[in-house]
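Record features, source TrEMBL:
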- 21-38: transmembrane segment (TRANSMEM)
- 25-468: domain 'Major facilitator superfamily (MFS) profile' (DOMAIN)
- 73-94: transmembrane segment (TRANSMEM)
- 106-125: transmembrane segment (TRANSMEM)
- 131-153: transmembrane segment (TRANSMEM)
- 165-184: transmembrane segment (TRANSMEM)
- 196-217: transmembrane segment (TRANSMEM)
- 280-303: transmembrane segment (TRANSMEM)
- 318-340: transmembrane segment (TRANSMEM)
- 347-369: transmembrane segment (TRANSMEM)
- 375-402: transmembrane segment (TRANSMEM)
- 414-437: transmembrane segment (TRANSMEM)
- 443-464: transmembrane segment (TRANSMEM)
Amino acid sequence: MAEEVLITPPGKITSHLTSSLLAVAFLTSFGSSMLYGYNLAVVNSPAVYIKDFYNRTSVSRNGTGLDGEALTLMYSLTVSVFAIGGLLGSLMVGMLVTRFGRKGTVVNSTVLVFIAGSLMGFSRICGSPEMVIFGRFVTGIHSGISLSVVPMYLGEIAPKNLRGFLGLVPSLFICAGVFSAQILGLHEILGKEEHWPLFLSLMVIPTFIQLMLLPWFPESPRYLLIEKHNVHATIIALKWYRAKCNIQSEIEEMQEEQRSLSSVETVSVWRLILDPLVRWQLLSVVVINIGMQLSGIDALWFYTNDIFKNAGIPDPEIQYTTVGTGAIEIIAGLIGCFTIEKLGRRPLIIGGFLVMGFCCAGITLSLVLQVHLPFMRYVSVGCVVGIIAGFCIGPAGVPFLITAELFKQSHRPAAYTVGGSLNWISNFTVGFVFPFLQMSAGSYCYLVFCCVCLAVAAFVFFVIPETKNKTFVEISQMFASKEAVPETQGLGHPDQLKLRKMNGYGTLENGSLEFDSSSSVP
């Protein structure tokens, strides 16, 4: 006879931030998301030493050094190959999360970090610039995976009233990664020539801590129930992540989403593109992910030192000015985390892009006028700080959060694949094109970024609704303006929810939950 697990129906459910939720958010973000920010900025301060290593290796191999153009090309490849790896990683997300699960993908992808760290850490000993470039490529693959999977995992384990807060934790750690690279890159710490291989490979430490602790936490309950049909494991996971055991309403909401799906199978990217019911959601993901990168933020992160030098900041002070911008990123990220559940998603992303747009215009104005008005050089630095703050308060994390919220379980992996790949393509394009854009357009190049920011802000204002404190089904129904949305059948009036556990495993009997309203709660 099947064993029965009884769940008492709750009265009023209040979901609190539990230690398990906070621990998973910090572990996944610390060991995965933070590495993305770290690797964006880590090649900034040791650029001179890396170029010198490339040149000396060429002399030892060929008897002659590299000319300036070849050296710049190799360094640009070192910077940009990270984005190529990220694109490849993002294209693998749908397959990985379906096969290994959300947490399983995060854990299994850590092997890439150890490979990349070893390659870059031993590159100078082996006299191999190729190891640096390939190491950057491999760590890019890891970042491409984690940049999509971590927000997906956190979005699925979070209750709806905490989804925004937990969804922005990864972006806060991305800012922390940039800040860590800026601090460690100071000449007094790891900014000396002999330390740059260690500086590049130091990222293995957070990942090692994550690998030791994260496997002890459960998989996403939504993945376990909707995709794996494992009710027993779902109940255990929910008990881990919730302060109280009143989990019936969450089970019901997952079941409602499952019934609303035409198929519980994960759809492909091609099917996602052809599905007319998610056309506006898909367009929204495309716009905000492309806009996130074409806003110019990566141009600032990759070439911060050059921007400050052009603004007239003395060379010895540039590294400290850069560290100061990193502190602003952390503060802005904290503001975003602690206000998103009160203000909502729209104000943060619209306000962030507006601030970035106006500051990009301000940089152009200040750089043009600083020839005649010397104090304008400080205005340009202030505008750089404004762009970074505006980005970290909303556009840095909200696009990944919204990607999780706009789609149901079957479409979510494909949506992250589309959004992530466009994000990385745009990242690579900006990193590679910006130096040439700066040479050809001079101070006016930032007007391009200004137009992009203002256009994305307008799109979000007119198209994307507020998703705060709504279930995934409710959000999908908000977009279904023309097609009739089938009413999901209610779960009845269950006095008692009875989940059958077959042979000790949480497998659904006849593919559904059995509700028994005739029996009383013991």
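Keep in mind that glycine also has a Cβ here, set from the backbone N, Cα and C atoms.
Touching of the transmembrane segment (318-340) and the transmembrane segment (106-125) is ruled out by the presence of fewer than three CB pairs under 8 A, sequence neighbours closer than 6 excluded. Between the transmembrane segment (21-38) and the stretches 73-94, 106-125, 347-369, Cβ pairs under 8 Å are most numerous for 106-125. Outside the transmembrane segment (131-153), and at least 6 residues removed from its termini, the chain residues within Cβ reach (under 8 Å) are 24, 28-29, 32-33, 35-36, 39, 43, 50, 53, 74, 77-79, 81-93, 96-97, 102-103, 105-106, 109-110, 112-113, 115-120, 122-123, 167, 170, 200-201, 203, 220, 397, 400-401, 403-404, 412-413, 416-417, 419-420, 423-424. Sequence-remote contacts of a segment are chain residues at least 6 beyond its ends whose Cβ falls under 8 Å from one of its Cβ atoms, and for the transmembrane segment (106-125) they are 28, 31-32, 35, 53, 96, 100, 131-132, 134-136, 138-139, 141-142, 145-146, 149-150, 153, 196-198, 200-204, 207, 210-211, 214-215.
With a threshold of 8 Å between CB atoms, the same-chain residues lying at least 6 positions outside the transmembrane segment (165-184) that come near it are 17, 21, 25-26, 28-30, 32-42, 44-45, 147, 150-151, 154-155, 157-158, 190-191, 199, 202, 301, 319, 322-323, 325-327, 329-330, 332-334, 336-338, 340-341, 392, 396-398, 400-401, 404. Ranked by number of Cβ pairs under 8 Å to the transmembrane segment (443-464), the listed stretches 73-94, 196-217, 347-369, 375-402 are led by 347-369. Listed by sequence, the residues of this chain that lie at least six past the ends of the transmembrane segment (73-94) yet keep a Cβ under 8 A from its Cβ atoms are 39-40, 43, 47, 50-51, 54, 66, 105, 129, 132-133, 136-149, 266, 268-269, 302, 413-414, 416-417, 420-421, 423-425, 427-428, 431-432, 435. 375-402 is the stretch from 196-217, 347-369, 375-402 with the greatest number of Cβ pairs below 8 Å to the transmembrane segment (414-437). Residues 20, 23-24, 27-28, 30-32, 34-35, 38-39, 42-43, 46, 49-50, 53, 103, 106-107, 110, 113-114, 116-118, 120-125, 132, 135, 139, 184-185, 190, 240 of the same chain lie 6+ residues outside the transmembrane segment (196-217) yet bring a C-beta within less than 8 angstroms of a C-beta in it.
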